[in-house]
Amino acid sequence: VHSVVDYVSAAEHQVYPWGINDPTEGNRTTLHLPWLKTLSTDWHIDGKGWYSTTRGNNAIAQENPTGGPEYENNYRPKSPLFIFKYPYSKAMTPPSSYRDASITQLFYTTNVYHDVLYILGFNEKAGNFQINNWNKGGVGGDYAILNSQDGSGVNNANFATPPDGQPGRMRMYTWNASIPERDGCFEAGIVIHEYTHGVSNRLTGGPENSRCLAALESGGMGEGWSDFFATAIRLKPGDTRATDYTMGEWASNRPNGIRKYRYSTSLTTNPHMYVDADGLTSVHAIGNIWASMLYELLWNLIDKHGKGDVTKIRPVLKNGVPTDGRHLAMKIVLDGMALQPCLPNFVQARDAILDADKNLTQGSNKCEIWKAFAKRGLGVGAVFNLSKRTGS
């Protein structure tokens, strides 16, 4: 047993590291466990055993070429020495030729994100995804099932979120708008976007009720939260509020990504306002508006509190409050999800974020939050009406 523990503690994963969104931003490297000390367990341990494959307490990752519901007996890489190093290049084809690298990348990105969210408050009591909750609250038995190269679709991805105690399921697809086709597992923003659906569905209305984002506007905000976290996590050291970001650009092979507008604090580059949601029937279109507001919030808080060292994975907290504006924005947005009602609208979600900041910092960021929302028409006088919103 001692030798197995030694191997696990020295596990290696060859991946695009945290902060590199896709193959255009950097190179793969070999990383060693552990990166983060959280209250959850090791990535390859669940309290019942050690797994010399892409399985652990937080996630189980495998290929799923048929697109079917089975996963436990599906193929996943195995390494008795816990060395997960496999070849991949953008020129390799077909995708099945690099399935080991794809599964390993998906497993890595998801586990890092789990640990970051844990520090920010998405833990066992909040309804996170873990097999073993270590008697810390919530319901266990629900790691995230991660399907790489899932055969049930293309040019997309999804995450199914049942109530706490039942595993979530992420399906990652290949994208065929380029030659060779591209694997969404190598675009971290897509993985983070999908996992965040699990987070927002578990937090809104409580972990026992995962249907609280089922309405059009709340579902749209679900897409927006997912884009927001994917974007906040990929910030670079030299970024400023003048930096714009796309969503899904690499996988889709579209220079402007898969949203109508880039995420930008410029009203010229991204003119989205609250009232633009009138008449929209697409949750992704509504989400583009909501995430644009959150991007304003992100930069208002960064300008006030600094960006921190974005090359470091672990959020730094003092008395439970993130010390940098980036993680502070992520924290109050997370906390707001838990405070808002079931089936919230933009106004209610905005108010929940204000309440979250009041609970966390005694409201010291109230002005920055109001300015962010008011800039895009969700100020003090904004009123929700599904067909005719009032901007302010």
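Even glycines carry a Cβ here, placed using N, Cα and C.
Because the structure is a prediction, the values reported are computed rather than measured.
Here is what Swiss-Prot says about this protein:
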- Asn176: N-linked glycosylation site (CARBOHYD)
- His193, His197: Zn(2+) binding site (BINDING)
- Glu194: active site (ACT_SITE)
- Asn359: N-linked glycosylation site (CARBOHYD)
- Asn385: N-linked glycosylation site (CARBOHYD)
Query raised in the report: Can you tell which of the glycosylation sites (Asn176, Asn359, Asn385) has the fewest other C-beta atoms within 10 angstroms of its C-beta?
Result: Asn385
Report task. Fill in the CA-CA distance, His193 (Zn(2+) binding site) to Asn176 (N-linked glycosylation site), as an integer in Å. Result -> 20
Query raised in the report: Can you name the residues of this chain that are 6 or more positions from His197 (Zn(2+) binding site) yet have a C-beta less than 8 Å from its C-beta?
Result: Asn158, Phe159, Thr161, Gly222, Ser226
**Report entry** Three-state secondary structure, His197 (Zn(2+) binding site) (per DSSP)
**Finding:** helix
Report task. Using DSSP with the three-state reduction, classify Asn359 (N-linked glycosylation site) as helix, strand or coil. Result -> helix
Requested in this report: Within 10 Å of the Cβ of Glu194 (active site), how many other Cβ atoms can you find? Include all protein chains, please.
Outcome: 25
Report summary line: Cα nearest Asn176 (N-linked glycosylation site) among recorded positions (Glu194, Asn359, Asn385) -> Glu194
Requested in this report: In whole Å, note down how far the CA of Glu194 (active site) lies from the CA of Asn359 (N-linked glycosylation site).
Outcome: 28
Query raised in the report: Across all chains shown, how many C-beta atoms besides its own are within 10 angstroms of the C-beta of His193 (Zn(2+) binding site)?
Result: 24
Query raised in the report: How many whole Å apart are the CA atoms of Asn385 (N-linked glycosylation site) and Glu194 (active site)?
Result: 28
